[in-house]
Amino acid sequence: MTTPLAYQEHLPAAPGWLNKGDNAWQLTAATLVGLQSMPGLVILYASIVKKKWAVNSAFMALYAFAAVLICWVLVCYRMAFGEELLPFWGKGAPALGQKFLTKRAIVMETTHRFDNGTVETPAEEPFYPMATLVYFQFTFAAITLILLAGSVLGRMNIKAWMAFVPLWLIFSYTVGAFSLWGGGFLYQWGVIDYSGGYVIHLSSGISGLTAAYWVGPRLKSDRERFPPNNVLLMLAGAGLLWMGWSGFNGGAPYAANIASSVAVLNTNIAAATSLLVWTTLDVIVFGKPSVIGAVQGMMTGLACITPGAGLVQSWAAIVMGISSGSIPWVTMMILHKKSTLLQQVDDTLGVFHTHAVAGFLGGLQTGLFAEPALCRLLLPVTNSRGAFYGGEGGMQFVKQLVAAMFVIAWNLVSTTIILLFIQLFIPLRMPDEQLETGDDAVHGEEAYALWGDGERYDPTRHGSLQTSNTAVSPYVNGARGFTIDL
């Protein structure tokens, strides 16, 4: 039987190692993750903040997405997934040449060895080119910075943010990624972080809280009242975030395989469960459901399931959803108000609670519920399992706890050093006069071209428009009537 033309190996663009299904899925998954940031979090941030900060909040996310990509291909991809320089860091180098990008993908240092030095699991080699893997991993790096931005919305100097993004990517993100994913010491030790509960959520939450401390708080008036300017548009951004998570966790196995399917199902189960639990608590305590609360519950569920999405059974995903819908709710709604330290730090969107607390919970529960048969599908360490399944599972929980402590410590210290360095040259916080005005003072732009907010119509600012002779009502404080001179 003749081989279809599309599958003939002699074609230059279809070498024998290329699996078109895996490549198509991985590019789709990367695009889904990218959509979580651009436009997902761009829309969510622009909508969930006070109107005067809509443009600035959206721009912080937009800038981070673009800046991370350029830094990623110039040096950072190979710092996170290249040859080992240190046990926690790879050798930085460009990922731009065609010889590098068109060869078969490989995560260089993921060969896992027994204690005697013999190979237990060879390096990961997906069935698609390096270009696909480089782009897929970029989208994870980008969303981490954008999640971090949620802690400092509404007051961080945009120039300081522009300097912070590449420095944090280089000196913080790449360390966690290499240590846990790229073959570093935590990977070799057998710590489980399926798709970024530690690398992304714990690190962004801890770094966000740290950055919020050093940048300083918003204006008192903004802290006391910070209503979203468009709740429905906020839900559109949240919807992109939720649906994009299928690529987030579904792409983590580097193939369109069984683990990918399990991960996508578990991801949605955990998110739905967490949303319902958070909403139920809102109703019980406050007497009515909150749309913003539902979005927070959705995010905690997604963050919690991420470290174990393809490695736990679906009943465990429900358990993880219950915990992520309740424990972060308690830390945000009750403990935060009683903690002197947390009250002093102005974490604008509560990223510490929704991502650090939820990611930490997910990592520990992965150490409890990681199912042996599912672990065999993906993990490099033989007989990996959670404590719930006996054997070496108890030690797995200890590994998860130790890894979390490393990620917390590294991000706290590195973020502090980076911000103190930037502060030598650029103020971290906007001046009060900019904070009073918002977007117009910072960017010369405003989110909505609408009349109102107490303004009167000024005909001298609008070309050929002329006012009518209609008397102004003494009860209206807004635009005067006008006619168009044709």
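Don't overthink the numbers, they just go from 1 along the chain as shown.
Note: Cβ is positioned from N, Cα and C throughout, glycine not excepted.
Since this is a predicted model, take the numbers as computed values, not measurements.
Residues annotated as domain 'Ammonium transporter AmtB-like' in TrEMBL: 24-448. Mean model confidence of the domain 'Ammonium transporter AmtB-like' (24-448) amounts to 94 (pLDDT, 0 to 100 scale).
Residues or ranges marked as transmembrane segment by TrEMBL: 24-46 (among others).
What TrEMBL records for 58-80 (among others) is transmembrane segment.
The transmembrane segment annotation in TrEMBL covers 134-153 (among others).
The transmembrane segment annotation in TrEMBL covers 165-186 (among others). If one looks beyond the transmembrane segment (165-186) by at least 6 residues along the same chain, the residues whose Cβ comes under 8 Å of a Cβ in the stretch are 63-64, 67-68, 71-72, 75-76, 79-82, 84, 87-90, 92, 107-111, 123, 137, 140-141, 144-145, 148, 193, 198-199, 203, 207, 403, 406-407, 410-411, 414-415, 417-418, 421-422.
Listed as Cβ neighbours of the transmembrane segment (198-216) (distance under 8 Å, sequence separation of 6 or more from its ends, same chain) are residues 140, 143-145, 147-152, 155-156, 160, 164, 168, 172-173, 176-177, 180-181, 191, 303, 306-307, 344-348, 351-360, 362-363, 403-404, 407-408, 411-412, 414-416, 419-420, 423, 428-429. Here TrEMBL flags 198-216 (among others) as transmembrane segment.
Per TrEMBL, the feature transmembrane segment maps to 228-248 (among others).
Positions annotated as transmembrane segment by TrEMBL: 254-278 (among others). Long-range contacts of the transmembrane segment (254-278) within its own chain (CB-CB distance under 8 A, at least 6 residues past either end) are made by residues 19, 21-22, 24-26, 105, 124, 126-127, 133, 194-195, 242, 245-246, 248, 293-294, 296-298, 300-302, 304-306, 309-312, 314, 316-318, 320-322, 324-326, 329, 374, 377-378.
Long-range contacts of the transmembrane segment (290-309) within the same chain: residues 44, 48, 192-198, 200-201, 228, 231, 234-235, 238, 241-242, 245, 248-249, 252, 262-263, 266-267, 269-279, 282, 316-317, 320-321, 323-325, 328-329, 332, 350, 353-355, 357-359, 361-363, 365-366, 369-370, each at least 6 residues beyond the stretch ends and with a Cβ under 8 Å from a Cβ of the stretch. According to TrEMBL, the feature transmembrane segment maps to 290-309 (among others).
What TrEMBL lists as transmembrane segment is 315-335 (among others).
The transmembrane segment feature in TrEMBL is assigned to 401-426 (among others).
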**Spatial neighbours of the transmembrane segment (401-426) far in sequence, C-beta under 8 Å, 6+ residues away** = 157, 159-160, 163-164, 167-168, 171-172, 175-176, 179-180, 186, 189, 191, 193, 198-199, 202-203, 206-207, 210-211, 214-215, 360, 363-364, 367
**Message:** How about long-range neighbours of the transmembrane segment (228-248): same chain, 6 or more residues beyond its ends, C-beta under 8 Å?
**Reply:** 28-36, 39-51, 54, 140, 195-196, 264, 267-268, 271, 291-292, 295, 298-299, 302, 306, 447-448
**Fill in**
With the cut-off at Cβ under 8 Å and a gap of six or more residues from its ends, the chain residues touching the transmembrane segment (58-80) are 34, 37-38, 41-43, 45-46, 89-96, 134, 137-138, 141-142, 145-146, 149, 153, 156, 158, 161-162, 165-166, 169-170, 173-174, 177-178, 181-182, 443
